[in-house]
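Annotated features, as they stand in TrEMBL:
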type: DOMAIN; residues: 115-312; note: domain 'TauD/TfdA-like'
type: BINDING; residues: H161, E163, H292; note: Fe cation binding site
Amino acid sequence: MPISLLSHRIPEDIDLPSVTLTDRERTEVRALAEELHRCPAAGQVDDPRWLTQARRQSCRLPVRLLEALRDFRSAPGPGGYLLVGNLPVDAETLPDTPSVADSVERRATVAASTAMLLGQQLGDVFAFRNEKHGALVHNVVPVPALAASQSNGGSVELELHNENAFHPHRPDLIGLLCLRSDHEGTAGTLFSSIRRARVLLADSDVAILRRPRFVTEAPPSFRAGDATTAHCVLNGSFDDPDIQVDFSATRALDDAAGAALRRLGAALAEVASELVLRPGGMAFLDNRLVVHGRTEFTPRYDGSDRWLHRVYVHLDGRPSRSHRIGPGPVLA
Ligand SMILES: O=C(O)CCC(=O)C(=O)O
Ligand SMILES: [Fe+2]
């Protein structure tokens, strides 16, 4: 039986862009992931040789999954997300959920390899040197000292944001693979697409949001961040724009811009969906179209808390070359 990916909280009239693997397809993905464990780079995800191997191996994912990933890449749809269900994650063999800050997975476990296989098929998985030690596979887990923070280690409600909104080379896509749900099974990943919110906005607000009248703070970990360069919150097409905002870190530089930003927040909240990821479920979000957040939940810090693997994807690695430390996948 496929493991349920979703709660029922997404409105039923929305046609979910999703693919749930059959058990046979799940076994095929597991075999590819296990092969990566035996690869010459001793199963180290961040080793360039392993990465090359994972990219090649990703071409052998089940065809139905390849089709869904390829479609999502070119046509992210009005919602800007893709859900994949029944990926190989085995509750029985999982170690305890980590509970320390900046936790990452550098070993090519089946779950980490699976997240990397899907990410490497979509584009180039990369990381920031100043975040999570520059590792490619992040653990999103509740951390006691961060409980009240607006960070992935928190457990209070996390406000809607583009991932690394402040950064010129923020991810094009992010992937979140669930290894373990929270105890109550209620922690929801919130997400909202500017494509759905756009119709709720007055053109006069869009015009303001397309002007560089906003600044976005970098998280404290990004010491090199630049909160002084004003930027637009909406970019590109007037009718189908890209979005760059973090509702806990973006500030308007004048009153009119502040009012437009508040109305944008209200429009995004109105069309937001909530997804309770289940083990083996992975959500990909188009970070150019979608802001995401998370509902609050109650961690116990007992080794069986909620646990996601997160990967960042660039569809084209070339534009960020000047920010890269050498030719590898880590950005300064
Ligand atoms: O916990 C979640 O569902 C998402 C948290 C988040 O914003 C992230 O990991 O980037
Ligand atoms: Fe995030």
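Yeah, the Cβs are placed from backbone N, Cα and C, and that goes for glycine too.
Fair warning: this is a prediction, and the values are worked out from it, not measured in the lab.
Across the binding-site residues listed here (H161, H292), the residue whose Cβ sits among the most other Cβ atoms within 10 Å is H292.
Mean pLDDT for the domain 'TauD/TfdA-like' (115-312) in the predicted structure: 95.
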